[in-house]
Each structure stands twice: as structure tokens, then as C-alpha cells.
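Student: The structure is given below, and queries will be raised subsequently.
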Amino acid sequence: MKKTTLALSALALSLGLALSPLSATAAETSSATTAQQMPSLAPMLEKVMPSVVSINVEGSTTVNTPRMPRNFQQFFGDDSPFCQEGSPFQSSPFCQGGQGGNGGGQQQKFMALGSGVIIDADKGYVVTNNHVVDNATVIKVQLSDGRKFDAKMVGKDPRSDIALIQIQNPKNLTAIKMADSDALRVGDYTVAIGNPFGLGETVTSGIVSALGRSGLNAENYENFIQTDAAINRGNSGGALVNLNGELIGINTAILAPDGGNIGIGFAIPSNMVKNLTSQMVEYGQVKRGELGIMGTELNSELAKAMKVDAQRGAFVSQVLPNSSAAKAGIKAGDVITSLNGKPISSFAALRAQVGTMPVGSKLTLGLLRDGKQVNVNLELQQSSQNQVDSSSIFNGIEGAEMSNKGKDQGVVVNNVKTGTPAAQIGLKKGDVIIGANQQAVKNIAELRKVLDSKPSVLALNIQRGDSTIYLLMQ
């Protein structure tokens, strides 16, 4: 096969050399015209790349020094000859800790590289990831044209991994235009721009692989855009743009067992970035409002168990007293299907979107309750930051001692053994089970009837004090 290919190539070369000068010129012109008509990202990138910057950071962080055996601590005190100038042990953690290396904290300097995006040219605002500039004492920004500026911190939010810095004495900057990230669809083209490994501005392309990704860190507000555009170390804080050159996300994380790119990258949606940075500009921080609910994802099995005619949404398992949700009349067992007229795909998506909204924001939530669509209006209250035991999904309810409460008043939990499945799902002494899988439970016999059907998901309706909650298990 190789010989045939080479022969054909040689033949084509011979014929080409035999062409007249006029024919050769025509061929060259045709080739040039074809090249000019080929689609390219270059015109868009020429406009966008000046708004993407490289960020160099210097800072210090506290690290724990190793704890040495007690018998050796006397030899490594501040006055010890082992810790004096010229000693090979002087720079060791045992001498640097100041207390004989007994496990105390020590300040350690670091340098880091990342990327950022200019969102306000006049004021010099640059958005990046919190993990790029966290603990920074010196922040320097380099533009695509090589100019360098000092920058200062404006605000940061570890829970969303967004930070806002400001270029000092900005001149002739180019700001990026933000797109509506809610309009994104799986399959839309994406372009990632950043500074991987400190190489300088680099461009990669791909598509939107998925929307509404979460679960990287359960405590954070996550509603990621997933893309297969290559995102590597140093790309953090860089831009994810559409083919119009508009910002659709801030690159923030990759899923990579060995630290390299395998085509699974995550970006924070531009609408989320817009809400957070506007608060940082105004307050220097994010002042979150909260709904005051606990919940979980609505999947097909839970929908079947709860007899809900929906496949996607946020299932409300508990409403906190005196919260925004409680005042609006939201109840345990409701399914939140929309926020301000836009569909809600999961509890994580609801949490992330509400988590970017400031105190006092007015919302309209679409609910599915008893098979009917209900809309409620509410105003977000300030986050209480109270830690509430959430209801998780575990197997079984073994470990709970129960008895009938009066005549047909439900099943009361008399005791819960520590470490048992009943304790794990959140059952507590004094709880009263009044329903299971949307069926009323008046006594143990009725509860046993539901359990004997061996449902794939069990949703217990619990009366706890003055509140009604749901505990979910499968």
C-alpha cells in the first residue's frame, strides 16, 4: 500500500511540473481562496484574548511542623547548638518551629500561577478563582500584550471558589462581554483560554459536555458547566467562552487522576459569577440569603415512592422554623420545579443559584404539591449559618424502638441506638412517624404494611416537635 501511495505522489508531482505557468498560477489562486474561506476562531480570539490575563501570586500559609519524639525535644530548643547558624539542622522544621518541633504552626511562603478575566475595563476588575489568590500577599497581573500591573483583593468567596481583584492604575484595558449561561445547551461549542503551566496564553476548544454538575465538594455551591475543552494546571480562573467570544464560565477544576487533562473540566457559570462579583464590588464580600430548607435530588424512584408526577426538581425534606421558606408556606414533601420561571433540575442546582443571591432578593418558586402546580413568592433572609442535621439516604431503619402513639396517632420512636441505620438516617427519640410513601401511618401495622412491600425508596413523614419533615432511605 505504501508503494502505491508513493507512486501516485510521484505521478502527481510529474504532472504538476508539466503544467503551464498560467495553470500553476490558477491553482495557487484557487488554493489561497479556499484557505481564506476555511472557518477559523482567529477573528473572535483577537477580540477576546486581551481580556484574559495571567496572575502571579506570592503569599504565605500556615503549615504544621512535624512532632519529634519527646526524648529529643530537649536537644532542639532555641538555644540548642543544633539550631545555631552554621548547623545542618538550622533550617529543619525541628528548629524552625521555635518550640523544638513539637507540632506547632509555621509560616511557609509560596508562589502560584493562574489566570483571570477582565470584567470591568474602567475600574480594572478581574475575576478569578479563590484558590488562585487565597492567602496572597502580592498579586501581579500580566496582560496579553506583556504589560504588568499590581493588583489588590476586592473580595473572595471560598464556598463558590470565586474571587475579585482590582488592577491598580488601569489603562487601556479590554473587558469581556458576559453571556447568559442559563441559555447554554449540551453540545454548544466552547473555547477555553488561560495560562496553563505558566506557558502563556493558550487556547483549546471543545463542547459543553454536561450542565448542572455538582458533588466535587458537598459543602460548596456547585452548578458547574462540564466541558471537554482542555483545562490544565494554571488555567484556573481563565475564560470559557462561546463562539461569539462571550464569557459563559470561569474555568475552575478538572477531574484527573494523575493531574493532567482527560477531557473532563468544570467551569463556574457566568450568571453565577455576575451575581457574586456584583456583591463583592458593593460589600467586599458575599452576603448570602437562604431559603431555610433541607432536601435532596428528585429521581424516578423517589418520585414513584412519593407519587409525584415529575422526574426532575428539588425535593423538600425539611423546612426550618422562621425561615424564608416557612414564611412563604413551603412544606416538607413539596418539589421545587422552577426558580423565577426557569426550570430547576436538582437540589444542588437550586442551592447553587440561591447561594449567589443577596439578602433581600425576591423570588418566585414553582412547586409541585399533591399533584398540583403552586407558585409562592418570598424574600431571602440572611443566612443563619446554623448547622442542621440533614437527612441522608441510608439502608433500613434497624435500631429504632417504636410503639403506637395513642389511638391511631402514628408510631412514636422511643429510642434510637447509636451507630445504627436508624440513627444514620436521622431518626431521633420522640419522633412520630405519621406517613410513609404518601400513605398515612396510624400504627405499627400500617407502617409494617408499607415496609413489607419492599419499596426501593422509603420516604417517612415525621412529626418532630412543631415541624413536619421527611426522612429518605433506600
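Backbone N, Cα and C atoms are what each Cβ position is placed from, and that goes for glycine too.
Dumping what Swiss-Prot says about this protein:
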type     : residues : note
ACT_SITE : H131     : active site, charge relay system
ACT_SITE : D161     : active site, charge relay system
ACT_SITE : S236     : active site, charge relay system
DISULFID : C83-C95  : disulfide bond
DOMAIN   : 377-466  : domain 'PDZ 2'
SIGNAL   : 1-26     : signal peptide
Student: Average the pLDDT scores across the domain 'PDZ 2' (377-466) and report the rounded value.
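Tutor: Its mean pLDDT is 74.
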Student: Measuring Cα to Cα, how many Å separate S236 (active site, charge relay system) from H131 (active site, charge relay system)?
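Tutor: Just about 8 Å between their Cα atoms.
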Student: Three states by DSSP: which one describes S236 (active site, charge relay system)?
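Tutor: Looking at the DSSP assignment, S236 (active site, charge relay system) belongs to neither helix nor strand, so coil.
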Student: Which residue counts does DSSP give the domain 'PDZ 2' (377-466) for helix, strand and coil?
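Tutor: DSSP classes over the domain 'PDZ 2' (377-466) add up to 14 helix, 31 strand, 45 coil.
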Student: Going along the chain, which residues six or more apart from D161 (active site, charge relay system) have their CB under 8 A from its CB?
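Tutor: Residues satisfying the criterion: N129, N130, H131, N220, T252, A253, I268.
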Student: Just going by other Cβ atoms within 10 Å, which of the active-site residues H131, S236 has the emptiest spot?
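Tutor: Sparsest of the active-site residues H131, S236 by Cβ contacts within 10 Å: H131.
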